[in-house]
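Going by Swiss-Prot, these are the annotated features:
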- 5-70: domain 'J' (DOMAIN)
- 139-217: zinc finger (ZN_FING)
- C152, C155, C205, C208: Zn(2+) 1 binding site (BINDING)
- 152-159: repeat 'CXXCXGXG motif' (REPEAT)
- C169, C172, C191, C194: Zn(2+) 2 binding site (BINDING)
- 169-176: repeat 'CXXCXGXG motif' (REPEAT)
- 191-198: repeat 'CXXCXGXG motif' (REPEAT)
- 205-212: repeat 'CXXCXGXG motif' (REPEAT)
Amino acid sequence: MSERSYYDILGVSKSANDEEIKSAYRKLAIKYHPDKNKGNKESEEKFKEATEAYEILRDPKKRQAYDQFGKAGVGAGAGGFGQGAYTDFSDIFGDFGDIFGDFFGGGRGGFGGGRRSGSQRGSDLRYNLEVSLEDAALGREYKIEIPRLESCGDCNGSGAAKGSSPTTCPDCGGSGQIRRTQGFFSVATTCPTCRGKGTTISNPCKTCGGQGLQEKRRTINIKIPPGVETGSRLKVSGEGEAGPNGGSHGDLYVVTHIKRHELFERQGNDLILVRKITLAQAILGAEIEVPTIDGKKAKMKIPEGTESGQVFRLKGHGMPYLGAYGKGDQHVVVKIEIPKKITRRQRELIEAFARESGENIPGSKGKIFTK
């Protein structure tokens with residue numbers, strides 16, 4: 001069964017406007033919200049599915065990327081596909097105050113609203129890496145540079161100046177949330193005093209401004225395994241952003257995008273190559289050499305009477321299977337090259353060949369021959 005599109009999940013058409021998308025999501029969110037369907041795993045999954053779809057389709061850039069590349073080209077906060085683009089995979093439920101505020105009276109819903117105090121895991125990052133077809137076939141190590149949030153060295157991530165420390169928020173008691181009940185809904189809203197941290201800082205660190213985090217650039221070596229294709233996602237554990245309050249780093253996801261090749265066309269794990277041959281080679285047969293993706297040459301026999309467009313297979317000369325043994329094949333499409341100019345002697349021989357074949361070729365007045 002094919003994977004449902006984000007439009008199908010929300011029940012809207014591809015031409016739906018922002019209000020239609022928001023309205024469709026609002027209905028699904030109310031219907032499947034976990035606080036309304038406690039213990040119902042199916043409802044929880046449908047809520048997550050609808051939220052993921054809305055997170056992509058509400059953002060014009062993400063929606064455009066999704067329409068063009070599908071799910072392979074988008075992630076939470078995706079910002080395009082140029083070399084080195086990276087994305088923050090923050091908790092997608094954190095951005096929907098405008099939706100839940102309409103029917104919960106403001107703030108976040110109870111789903112995903114756990115305790116906020118203490119250290120938290122950092123956000124994941126996405127990095128789009130352009131890879132040549134040769135590197136995708138052979139594998140290669142790339143050196144990339146990413147901007148990311150790291151723990152402040154002066155305050156060790158606490159956000160408080162030296163000699164001081166954060167104190168428990170008096171309004172939420174350190175939970176980071178204010179919870180209230182409306183009918184069968186139990187709604188947890190972010191504490192406005194500590195903004196969900198559970199602590200307050202009276203004397204903030206001057207280096208990081210009390211955030212506990214600083215943006216820095218980090219260079220990382222990435223090993224691209226043989227066989228990757230456009231949309232392949234490589235996980236680099238612990239290379240995402242540092243978490244608040246000294247929390248652990250998230251992960252880095254490197255998404256590969258294979259560049260177009262001037263000779264080869266990739267179809268799955270097979271490669272297609274167009275190779276020109278002469279008229280004589282097509283008629284008489286020959287043994288020719290063809291380039292392969294590993295930079296070498298492979299010998300291939302052209303049988304007598306080969307026609308233009310005929311396809312020959314070089315077994316095992318295609319792309320490697322990612323994470324497995326074996327390779328695809330290379331398919332060579334031959335094209336007979338007709339000379340634009342011929343010598344007088346060549347013309348005489350071709351005319352003699354035509355007469356021998358019973359063809360009546362009148363003398364041409366054109367100048368397609370050279371001396």
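One-based numbering along the chain as shown.
Glycine is no exception: its Cβ is also placed from the backbone N, Cα and C atoms.
Taking residue pairs at least 6 apart in sequence, the repeat 'CXXCXGXG motif' (169-176) and the repeat 'CXXCXGXG motif' (205-212) share fewer than three C-beta contacts under 8 angstroms.
Spatially, by CA atoms, the binding-site residues C169, C172, C194 include one closest to C208 (Zn(2+) 1 binding site), and that is C194. Remark: the repeat 'CXXCXGXG motif' (169-176) contacts the repeat 'CXXCXGXG motif' (191-198), by the rule of 3 or more CB pairs under 8 A. Put simply, of the binding-site residues C172, C191, C194, the one whose Cα is nearest the Cα of C152 (Zn(2+) 1 binding site) is C194. Sequence-distant neighbours of C155 (Zn(2+) 1 binding site) (same chain, 6+ apart, CB under 8 A from its CB) are A161, K162, C205, T207, C208, G212. For the binding-site residues shown (C172, C194, C208), fewest C-beta neighbours within 10 angstroms: C208. Within 8 Å of the Cβ centroid of the Zn(2+) 1 site, not counting the listed residues C152, C155, C205, C208, the chain contributes G153, D154, N156, G157, S158, G159, A160, A161, P204, K206, T207, G209, G210, Q211, G212, L213, Q214.
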